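What TrEMBL lists as active site, thioimidate intermediate is Cys175. The NADP(+) binding site feature in TrEMBL is assigned to 204-227. According to TrEMBL, the feature domain 'IMP dehydrogenase/GMP reductase' maps to 6-310.
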Amino acid sequence: MENVFDYEDIQLIPAKCVVNSRSECDTSVTLGGHSFKLPVVPANMQTIIDEKIATFLAENGYFYIMHRFQPEKRISFVKEMKARGLIASISVGVKEEEYSFVEQVAAEELSPEFITIDIAHGHSNAVIEMIKHIKKHLPESFVIAGNVGTPEAVRELEHAGADATKVGIGPGKVCITKIKTGFGTGGWQLAALRWCAKAASKPIIADGGIRTHGDIAKSVRFGASMVMIGSLFAGHEESPGETIEVDGKLVKEYFGSASEFQKGERKNVEGKKMYVEHKGSLKDTLIEMEQDLQSSISYAGGDNLDAIRHVDYVVVKNSIFNGDKVY
Ligand SMILES: NC(=O)C1=CN([C@@H]2O[C@H](COP(=O)(O)OP(=O)(O)OC[C@H]3O[C@@H](n4cnc5c(N)ncnc54)[C@H](OP(=O)(O)O)[C@@H]3O)[C@@H](O)[C@H]2O)C=CC1
Ligand SMILES: Nc1nc2c(ncn2[C@@H]2O[C@H](COP(=O)(O)O)[C@@H](O)[C@H]2O)c(=O)[nH]1
């Protein structure tokens, strides 16, 4: 790994515009045979998504991945989505009970369109075995496996049958893995994405570290088919996190899936809780993301996401914000 950089160190270089209006630019992406409005998916975390948000996203053409932290609700969730003609997209872990869960889903002939294997250290036999188990019992489901941070891991999970891999160990806003373990892609997530994408033969989902809408375009440039985002989606009216008032201002909680708040105990804690400013409706953020990405496409000199994948870039070490606050 010779070139190490992160989102804030990169600027994409504009190419001649070919559209008359940014509204001509198409931000849609295809994953698993389905087309989605944006290459963006809210993180499968309990303070980011719930059944109501998942339904809203599916009804409006956005990709979603439901979290796995209320395991008893997953079967009824899949049934409900199927009954409404919506895509079913759920998460699983790798513990013993998840094997029988997959078998139960198969026995009920539910076959969710997407299943994400969601663990911290995805380059493991536990994930490889779970990929094989899902592919055996639910061959129609598109399997996303992660998280990983190396080309070896991407290749191994793809070889085991994963249809996409999720890249990002430790770059998350509420992540403390890098501090507690010394490992991960925190601080060089964009370079890690590039490194992994070069090895991938299937789609890659960039996960964690997105702080601005421009970072979505940068992820696409460096090989992401889809971008998973937590903190930017926290704090909306609809967000499941608790709302509290601090100094007369409304804020909402956002906590890590490996935090004590998720786990209910202080064991192997690798996540923390923060409060984010209350920021209006999720719908408005999605619209703004789409407009900003349309603008990115126009700067890339094209009219769809593919244009971004081919633009030049410069590395401007830690200087692009020029002392400005991000927002
Ligand atoms: N993207 C990221 O950087 C990170 C994300 N997370 C998120 O936190 C949640 C909980 O993750 P996770 O703890 O993996 O899930 P689980 O608590 O479901 O653990 C999954 C299994 O993997 C084992 N395990 C966990 N970490 C390791 C490790 N480093 N080495 C070997 N075995 C391990 C666990 O056993 P045992 O607990 O006994 O070790 C358990 O059997 C997930 O949603 C995950 O995405 C967590 C950390 C980093
Ligand atoms: N190390 C940890 N990473 C976590 C935890 N909970 C979630 N995550 C990861 O963060 C991203 C979201 O990142 P953001 O920068 O957009 O906020 C999420 O998708 C997970 O991969 C955790 O407890 N510890």
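The backbone N, Cα and C atoms fix where each Cβ goes, and this holds for glycine too.
Curation does not apply to TrEMBL; its annotations are automatic.
Since we're looking at a predicted model, the values are computed, not measured.
A map of TrEMBL features onto the structure.
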| residue | record | contacts (Cβ under 8 Å, 6+ apart) |
| --- | --- | --- |
| Cys175 | active site, thioimidate intermediate | Gly184, Gly186, Gly208, Gly256, Glu270, Gly271, Lys272 |
| Ile204 | NADP(+) binding site | Val154, Ala164, Thr165, Lys166, Val167, Leu193, Cys196, Ala197, Gly223, Ala224, Ser225, Met226 |
| Asp207 | NADP(+) binding site | Ala43, Gly146, Asn147, Lys166, Val167, Gly168, Pro171, Gly172, Val227, Met228 |
| Ile210 | NADP(+) binding site | Tyr7, Ile216, Ser219, Val227, Ile229, Ser231, Leu232 |
| His213 | NADP(+) binding site | Leu232, Glu288, Met289, Asp292, Leu293 |
| Phe222 | NADP(+) binding site | Leu190, Leu193, Arg194, Ala197, Ala206 |
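Close to ligand 1, meaning a Cβ under 6 Å from one of its atoms, are these of the recorded positions Cys175, Ile210, Ile216, Ser219, Phe222, Ser225: Cys175. Confidence annotation: the domain 'IMP dehydrogenase/GMP reductase' (6-310) carries a mean pLDDT of 97 in the model. The DSSP secondary structure for Cys175 (active site, thioimidate intermediate) is strand.
Under 6 Å, Cβ to nearest atom of ligand 2: this is the test, and of the recorded positions Cys175, Ile204, Ile210, Ser219, Phe222 it is passed by Cys175, Ile210. Here the binding-site residues are Ser219, Ser225, and the one ringed by the most other CB atoms within 10 angstroms is Ser219. The Cβ of Ile216 (NADP(+) binding site) has 27 other Cβ atoms within 10 Å, all protein chains considered. Taken residue by residue with DSSP, Ser225 (NADP(+) binding site) is part of neither helix nor strand, so it is coil.
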